[in-house]
Amino acid sequence: MQKEMLHFIKMHGCGNDYIYLPCFDQKLTNIDKLAYQLSDRHKGIGGDGIVCIEKSDVADARMRMFNADGSEGAMCGNAIRCVGKYVYEHHICDKQDITIETKSGIKKLHLHIQDQQVTSVTVEMGKPSFEAEKIPVISTKKIILDEPMKIQNETYTVSCVSMGNPHAIIFMHQDIHDLPLKKIGPFFEYHTSFPNRINTEFVQIIDDHTICMRVWERGSGETQACGTGACAVVAAAVRTHRLEKNKEIEVRLTGGRLYITDTSEGMLMRGDCVEVFEGKMEVTV
Ligand SMILES: N[C@@H](CCC[C@H](N)C(=O)O)C(=O)O
């Protein structure tokens, strides 16, 4: 075992906070263990997970994201905006329109810049997939939209969407702020219908351009926001005729607001990206 100094930057998008590790000059091993260790809010730096920013052969940069439990996610909507901010502000590229390689493909970003600082980013998040097999969800149905599902002792009406990662969505009439997410979130995450586990969004439609949601993330628990989750929710709401296509929807999350549009080219997401602090930490590798 060896000790090493790790350079990190703490950033968040709508309160979904990750520890960003620039991997251009530092090489990392055992990233899953590192994610678990650094994300600990008492004994580590604290965060919903870690994000490695790397060199890419096919885009301006590459990102890899790991949840707080060390599992790797294919895509992260809130993290990709912060990666865009890092890449621009650290002069890795000086364009306003950039590309980032992810495990779920190359995404296009448009950076909104004020006084040389990236304050928000619009991301082309790609098309949602409703195919149960691809999400994956074990079901006799090919598509799961407003289907009853027994989770523990309750029957929920569930819709399932992939935004490169899996989402289960529950549209509710009751106030979502009262939900005991710590208790029910894990029942969804580890339900046998979801062989790769699942991110779960509990949603209330406020009006034709505003919704409110809370999220239980696979591998991280309740987070203050989820970008892929917000896109999945709007995609499911449009598909079930709760909301209209091509209309920007304000998604109110615990930690902020995202603006999502379901277009025929795919989902568009706009939201903030904030640097909190940077530092060095000694880790055992
Ligand atoms: N917070 C993210 C999603 C992170 C990954 C997720 N927990 C998974 O395992 O799929 C977002 O903003 O999209």
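Placement of Cβ uses the backbone N, Cα and C atoms for every residue, glycine included.
Any TrEMBL annotation is an automated prediction that lacks curation.
Within 10 Å of the C-beta of CYS76 (active site, proton donor) there are 30 other C-beta atoms, taking all protein chains into account. Sequence annotations record features per position, and here TrEMBL assigns active site, proton donor to CYS76.
Taken residue by residue with DSSP, CYS76 (active site, proton donor) is part of neither helix nor strand, so it is coil. Annotated active site per TrEMBL: CYS76, in sequence order.
Sequence-distant contacts of CYS226 (active site, proton acceptor), defined by Cβ-Cβ distance under 8 angstroms and a gap of at least six in the same chain, are ASN16, GLY77, ASN78, ASN199, GLU201, VAL215, GLU217, LEU253. Taken residue by residue with DSSP, CYS226 (active site, proton acceptor) is part of neither helix nor strand, so it is coil. The annotation active site, proton acceptor is assigned in TrEMBL to CYS226.
Summarising the annotation, TrEMBL assigns substrate binding site to ASN16, ASN67, GLY77, ASN78, ASN165, ASN199, GLU217, ARG218, GLY227, THR228.
Long-range Cβ proximity for GLY227 (substrate binding site), meaning a same-chain Cβ under 8 A and a gap of 6 or more residues, is found for GLY13, CYS14, ASN16, CYS76, GLY77, ASN78, ALA79, ILE80, ARG81, VAL123, MET125, LEU258, MET269, GLY271. Sitting within 8 Å of the Cβ centre of ASN16, ASN67, GLY77, ASN78, ASN165, ASN199, GLU217, ARG218, GLY227, THR228, and not among those site residues for substrate, are the Cβ atoms of GLY73, MET75, CYS76, VAL215, SER220, THR223, CYS226, GLY229.
Annotation for ASN165 (substrate binding site): same-chain Cβ neighbours under 8 Å, separated by at least 6 residues, are GLY73, ALA74, MET75, SER104, ASN199, ARG218, THR228. DSSP assigns ASN165 (substrate binding site) to coil, not to a helix or a strand. There are 28 other CB atoms within 10 A of the CB of GLU217 (substrate binding site), with all protein chains counted.
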